[in-house]
């Protein structure tokens, strides 16, 4: 899988968007915190478009805790890259820690057990303001949806180029 690359306008230094129109890509996004997760989803779809992917699969699930099972099905279903998007807002109970740990462990397990890159676009924030600043919304300083898509696509390309 060879690809051309273009600079990514919303990613960290040295990361480029691969041109991979042949790649099968999917995104699973939580519905909780709809404004934030829709911003993340828009960023992911923009990155897919910049990569030449015109028909990605999009699945919505209720919350972030459901992301690993959906990402796992997609990864085992023949997709080359999967992106998981959600937001967990810290409250006054241990729920935040349990959900964050479960989602992180679950998505890591999906990636390592299937060999399919999973872009981690789950915001774990103390305030809604922190989430808005990372969600790729107008005025945001960061676009985690875009960045996590580029990470998954770039990893898929790197693995293919390495022949693994």
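Note: Cβ is positioned from N, Cα and C throughout, glycine not excepted.
Counting only same-chain residues at least 6 apart in sequence, those with a Cβ under 8 Å from the Cβ of residue 120 (5-amino-6-(D-ribitylamino)uracil binding site) are 84, 104, 107, 148, 151. Look at TrEMBL and you will find 32, 64, 65, 66, 87, 88, 89, 120 tagged as 5-amino-6-(D-ribitylamino)uracil binding site.
Sequence-distant contacts of residue 92 ((2S)-2-hydroxy-3-oxobutyl phosphate binding site), defined by Cβ-Cβ distance under 8 angstroms and a gap of at least six in the same chain, do not exist. According to TrEMBL, the (2S)-2-hydroxy-3-oxobutyl phosphate binding site annotation covers 92, 93, 134.
Secondary structure at residue 95 (active site, proton donor), as computed by DSSP, is helix. With a cut-off of 8 Å between CB atoms and residues at least 6 apart in sequence, the same chain places nothing near residue 95 (active site, proton donor). Among the features that TrEMBL reports, active site, proton donor is placed at 95.
Cα of residue 89 (5-amino-6-(D-ribitylamino)uracil binding site) to Cα of residue 134 ((2S)-2-hydroxy-3-oxobutyl phosphate binding site): a span of 13 Å. For the 5-amino-6-(D-ribitylamino)uracil site listed in the record, the two most distant Cα atoms among 32, 64, 65, 66, 87, 88, 89, 120 lie 17 Å apart. Its own atom aside, the Cβ of residue 87 (5-amino-6-(D-ribitylamino)uracil binding site) has 28 Cβ atoms within 10 angstroms in the protein chains shown. With the fewest other C-beta atoms within 10 Å around its C-beta, 93 stands out among the binding-site residues 64, 93, 134. Counting other Cβ atoms within 10 Å of each Cβ, the lowest count among the binding-site residues 32, 65 belongs to 32. Note on the binding-site residues 88, 89: the fewest other CB atoms within 10 A surround the CB of 89.
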